[in-house]
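Novice: Quick paste from TrEMBL:
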type	residues	note
BINDING	Gly3, Leu4, Asp5, Ala6, Ala7, Gly8, Lys9, Thr10, Asn105, Lys106, Gln107, Asp108	GTP binding site
BINDING	Thr10, Thr27	Mg(2+) binding site
Amino acid sequence: MLGLDAAGKTTTLYRLQPGKALTTIPTVGFNVEAIQYDKVKFVVWDVGARERISPLWRHYFVDMDALIYVVDSADRERIGTAKAEFQTIISLPYVLNCVILVLANKQDEKGAMTPEEVGDGLGLMELKNPKWHIQGSCAISGDGLCEGLDWLACTVKEMKNTR
């Protein structure tokens, strides 16, 4: 799970874990959690914003099937930065064949970009990888997270069945 700082990665991660506290602080390093969802086990690495494009990333991405990229939909000023980082990530050799779920987070905030605007801002329509989906979400309330994970679980299962 990647995205710019303050996009809501850690809140999203812990919202997906029933019973986990939702009080978060900026992530230094990373958080790792195993999540069972619809008979699919996800090992989610929430990588802190200061750990960007690191030589260590190849260790995070070994055997990775999916990427969840979280965007702060209310931060219009940094959509260009979010796009640059996203494009860098998806061009990495170990990410090329991954399923991509983009969470257009903070949909509850006034003036938030729609998921379509976030998708345009990231350049999703130009992706060579056909396995992507964008989902509006609010990590604090959990809105949209189940829908996004439903798509992700179904797509990962299909991908594994065709291997």
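Glycine too: its Cβ is placed from the backbone N, Cα and C atoms.
TrEMBL does not curate its annotations; it predicts them automatically.
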Novice: Would you mind checking how many other C-beta atoms are within 10 angstroms of the C-beta on Gln107 (GTP binding site)?
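Specialist: Step by step: centre on the Cβ of Gln107 (GTP binding site), count other Cβ atoms within 10 Å, giving 21.
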Novice: Any idea what the Cα distance is from Gln107 (GTP binding site) over to Thr10 (Mg(2+) binding site), rounded to a whole Å?
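Specialist: That comes out at 16 Å between the alpha carbons.
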Novice: Lys9 (GTP binding site) has how many other Cβ neighbours within 10 Å of its own Cβ?
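Specialist: Neighbour count, Cβ to Cβ under the 10 Å cut-off: 30.
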Novice: Between the Cα atoms of Thr10 (Mg(2+) binding site) and Gly3 (GTP binding site), find the distance and write it as a whole number of Å.
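Specialist: Roughly 10 Å, rounded to the nearest whole number.
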Novice: Where does Asp5 (GTP binding site) sit by DSSP, helix, strand or coil?
Specialist: coil
Novice: Counting other CB atoms within 10 A of each CB, which of the binding-site residues Thr10, Asn105 comes out lowest?
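Specialist: Comparing Cβ neighbour counts within 10 Å for the binding-site residues Thr10, Asn105 gives Thr10.
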